Amino acid sequence: MDELEIGGVKLDSRLFVGTGKLASNEVIPKIMEKSNSKVITVALRRVDITSKQDNILNFIDKDLILLPNTSGARNAEEAIRLARIAKAAGCGNWIKIEVISDNKYLLPDNYETIKATEALVKEGFIVLPYVNPDLMDARRLVNVGAAAVMPLGAPIGSNRGLRTKEMLKILIEEINEVPVVVDAGIGKPSDAAMAMEMGADAVLVNTAIATADNPVLMAEAFSLAVKAGRMAYVAKIGEEKEYASASSPLTGFLR
């Protein structure tokens, strides 16, 4: 599969994997192996640098790209502070910005996200912001230096699929300067395949893998779905037609 480039790094997988709801950290190595993913997201609040046993980083291969997120931040200032803590803790300079002040629907605050992104880009971070799929805000994020834009497919953790499909289509069509990574709400492999067929550059999956009866097998299923969806997009899917179109001649073969 063709490579994806973010922040100057080339990736041979277009599936990003989250760790937020896994029953045990011990399953992480197997999930990452079967998913073929090269990018793993971790909530900074789960990184315990004082403990060798409970620190989630101990279960993550050093060859993977660690993408800490600012989960728990309610405004730009808190997100910036969390990003700096992550970098100081040795988590690198990649950061996924999550700014959520809405405790009911957990929808991202685009305004505060843009502020945090602009500040952190100036500090040398590779910033991947999680946002509501709004074209104007996506353009603002590109203008302030975001390395990718990560619009939600549905409310985080809902497993409801691509409920924002029409808005995602607009972003995918109009945002060409940086990758569009569909994040949140993807509930099954077919959702991931659909996002890739639409032209998304990558998808991030967490809850759908973590809450499956067999997370390792589900990770492999998502890997295959992302590959299939990307291949279909590159191959150029045939146009839909309102009426039937015969695949073989209907006349002349009995004469």
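Positions of Cβ are set from backbone N, Cα and C atoms, glycine also.
Annotated features in Swiss-Prot:
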ACT_SITE  Lys96  active site, schiff-base intermediate with DXP
BINDING   Gly157, Ala184, Gly185, Asn206, Thr207  1-deoxy-D-xylulose 5-phosphate binding site
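Ranking the binding-site residues Gly157, Gly185 by C-beta neighbours within 10 Å puts Gly185 at the top. It is 17 Å from the Cα atom of Thr207 (1-deoxy-D-xylulose 5-phosphate binding site) to that of the residue listed as 'active site, schiff-base intermediate with DXP'. Here the CA atom of Lys96 (active site, schiff-base intermediate with DXP) lies 16 Å from the CA atom of Gly157 (1-deoxy-D-xylulose 5-phosphate binding site). Counting neighbouring Cβ atoms within 10 Å of each of the binding-site residues (Ala184, Asn206), the lowest count belongs to Asn206. In sequence order, Thr41, Leu67, Pro68, Asn69, Thr70, Leu128, Pro129, Tyr130, Met150 are the residues near the residue listed as 'active site, schiff-base intermediate with DXP', counting only same-chain partners six or more apart with C-beta under 8 A. Between the farthest pair of Cα atoms in the 1-deoxy-D-xylulose 5-phosphate binding residues (Gly157, Ala184, Gly185, Asn206, Thr207), the distance is 9 Å.
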